[in-house]
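Enquirer: Below is the structure I would like to discuss, written out as structure tokens.
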Amino acid sequence: MSLLAAFSICKVAKDAAGVAGNVFAFGLFVSPIPTFRRIIRNGSTEMFSGLPYIYSLLNCLICMWYGTPLISADNLLITTVNSIGAIFQFVYIILFLIYAEKAKKVRMIVLLVAVLGVFAIILVGSLQIDDILMRRFFVGFLSCASLISMFASPMFIIKLVIQTKSVEFMPFYLSLSTFLMSTSFFLYGLFNEDVFIYGPNGIGTVLGVTQLILYFYYENKSRENSREPLIVSYV
């Protein structure tokens, strides 16, 4: 196989992994829709928190900026997926603000302004770095840290599942989408030789596998328990 043919295959594989990552990420972006249907139906945010959407917005904005040609080359699919993600998070935040109580609303507005301010500082600050490699390292490090924090957040759910021995709080399709998206972008990063992409997504893949294993384990346990006789003899 010639070097040119190998390069072509690698590029096709990278693009395929990136497109797949975009598709699977869409599953994650639409996952809060049932929650917001309930919020709209009840006219209240109840006990729901808006923090996940604020944090996801910051993560999407940083990763979107990293994927632009001004920061890293040939990462357009990173920009597209995070641009779509940022739009979704903005919509969720606006809906949350509409139905939130006054105290929550004020806190969310303050956090939103803070997130936009932090992103503006990152954007302007990175453009002040003339060395393109240092600029890429600076933004890449921030995007990597943000992604790792995002992928680590399900650790609380994993702990809850183990404690309660129930998968009620860990939706299967959300865990599956996380695993598929992380795996796709892990491969994308490998093909593109970009440690700032394959590093955090490799961690996300491991955590996704862990969630799926726990899901099937406790789901089978609950089925086995449901087969036990309901009438207990106290002889």
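Backbone N, Cα and C define each Cβ position, glycine as well.
Reproduced below are the annotations present in TrEMBL:
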{"type": "TRANSMEM", "residues": "23-40", "note": "transmembrane segment"}
{"type": "TRANSMEM", "residues": "52-71", "note": "transmembrane segment"}
{"type": "TRANSMEM", "residues": "77-99", "note": "transmembrane segment"}
{"type": "TRANSMEM", "residues": "106-125", "note": "transmembrane segment"}
{"type": "TRANSMEM", "residues": "137-158", "note": "transmembrane segment"}
{"type": "TRANSMEM", "residues": "170-191", "note": "transmembrane segment"}
{"type": "TRANSMEM", "residues": "197-218", "note": "transmembrane segment"}
Enquirer: Residue list, the transmembrane segment (52-71) vs rest of chain: Cβ under 8 Å, 6 or more residues beyond ends.
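Expert: Same-chain residues near the transmembrane segment (52-71) but 6 or more away: 32, 77-80, 82-83, 85-86, 89-90, 92-93, 96, 108, 111-112, 115, 118-119, 122-123, 126-127, 135-136, 139-140, 142-143, 146-147, 149-150, 153, 196.
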Enquirer: Any residues 6+ beyond the ends of the transmembrane segment (106-125) with a Cβ under 8 Å from its own?
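Expert: For the transmembrane segment (106-125), the nonlocal Cβ contacts are 50-51, 54, 57-58, 61-62, 65, 93, 96-97, 100, 138-139, 142.
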Enquirer: Going along the chain, which residues at least six beyond the ends of the transmembrane segment (197-218) come within the CB cut-off of under 8 Å?
Expert: 75, 78, 143-144, 147-148, 151-152, 154-155, 157-158, 161-162, 165-167, 170, 172, 175-176, 178-183, 185-190
Enquirer: Counting only residues 6 or more past its boundaries, what in the same chain has a CB within less than 8 Å of a CB in the transmembrane segment (77-99)?
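Expert: Distant Cβ neighbours of the transmembrane segment (77-99) are 15, 18-19, 21-22, 25-26, 28-30, 32, 36, 39-40, 43-45, 48, 50, 53-54, 56-57, 59-61, 63-64, 66-68, 105, 108-109, 112, 185, 188, 197.
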